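Structure record follows, encoded as structure tokens.
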């Protein structure tokens, strides 16, 4: 409890609503445009390589970098923040939060939910194949392995099955990242602590650039229509600024700040759910799928090494940002 008193005194010393509001308004533009730069970079890079002999290899390396960013986001940023929110002295002193590790439980639920969505979508694809008299169905999870499955008739080829899987991965990833972005935005919008917000503006700009590169790498490979790509890019870029505005409205209406126990509980639960989704998607649908079921990577040893280096660089880049955001 003494640490709670100390933290409260430090917060009061930095509390300045007017200065915090100016910083938050500045952050709306900075975070929005940095998010656009981050998510659009791999998409434009993929279009630059399109039609060239190295296109498939370039896309694979971009996707491995993206997988590293997503994995680091979940394990180094989102999950520790969720545990910290539910371990805060304003929450951990109350029942039932002090009796059980809810952050870990909700992370588990998030991972299982992502698995359920994956299984349901794959089952739907398989059932659509079963209704066709010609050909055999192609298991979506193994669609990148050239030794598994046959062409499923004229309506759904092997390549189309791969694209369906990639589109599903991109959409579920965006859901998990949007959860995380809303939490960041609302928490920052509710805060009146200018000492916390000032360093966060620049740190979150870089955070959004790398997280956008992670999501953009997956979108680039999924081959969405231009309208869908634009919509997904806009939703990612606008979610954190909208969260900041929502947090400012919540504070104006309720007086709750980011140290309120109810706000901390919501932040911890949503963060844990987001972390579980992102951990599953990064490990199962990105890393395992490419490193163990990708025919192109299996046939080129140098590409496997380059992909692992890209994965490590993505993880390292995002992990370093945890020093500031």
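Each Cβ is built from the backbone N, Cα and C atoms, and glycine gets one as well.
Note: TrEMBL annotation is automatic and uncurated.
Keep in mind the model is a prediction, meaning the values are calculated, not measured.
The annotation transmembrane segment is assigned in TrEMBL to 25-46 (among others).
Cβ atoms under 8 Å from those of the transmembrane segment (58-80) belong to residues 42, 45-46, 49, 52, 103, 107, 173, 176-177, 180, 207, 210-211, 213-218, 220-221, 271-272, 274-275, 278-279, 281-283, 286-287, 290, 294, 296-297, 303, 306-308, 310-319, 321-322, 325 of the same chain, restricted to positions at least 6 beyond its ends. Taken from TrEMBL, the feature transmembrane segment covers 58-80 (among others).
Beyond the ends of the transmembrane segment (100-121), by six or more residues, the same chain brings 79, 82-83, 85-87, 140-141, 164, 168, 172, 176, 268-269, 271-277, 279-281, 284-285 to within a C-beta distance below 8 angstroms of the stretch. Annotation source TrEMBL lists transmembrane segment at 100-121 (among others).
Annotation comment: TrEMBL describes 168-188 (among others) as transmembrane segment.
If you look up TrEMBL, you'll see 200-222 (among others) marked as transmembrane segment.
What TrEMBL records for 229-253 (among others) is transmembrane segment.
The transmembrane segment annotation in TrEMBL covers 273-294 (among others).
If you look up TrEMBL, you'll see 306-324 (among others) marked as transmembrane segment.
Highlighted: of the candidate stretches 168-188, 200-222, 229-253, 200-222 has the greatest count of Cβ pairs under 8 Å to the transmembrane segment (25-46). Counting residues 6+ beyond its ends, the transmembrane segment (273-294) has Cβ neighbours under 8 Å at 60, 63-64, 66-67, 70-71, 73-75, 78-79, 82, 106-115, 118, 141-145, 165, 169, 172-173, 175-177, 179-180, 183, 218, 304, 307-308, 311 in the same chain. Away from its own ends, the transmembrane segment (229-253) comes close to residues 21, 24, 27-28, 31-33, 35-36, 39-40, 43, 170, 174, 177-178, 181-192, 204, 208, 212, 215-216, 219, 263 of its chain (Cβ-Cβ under 8 Å, at least six residues beyond either end).
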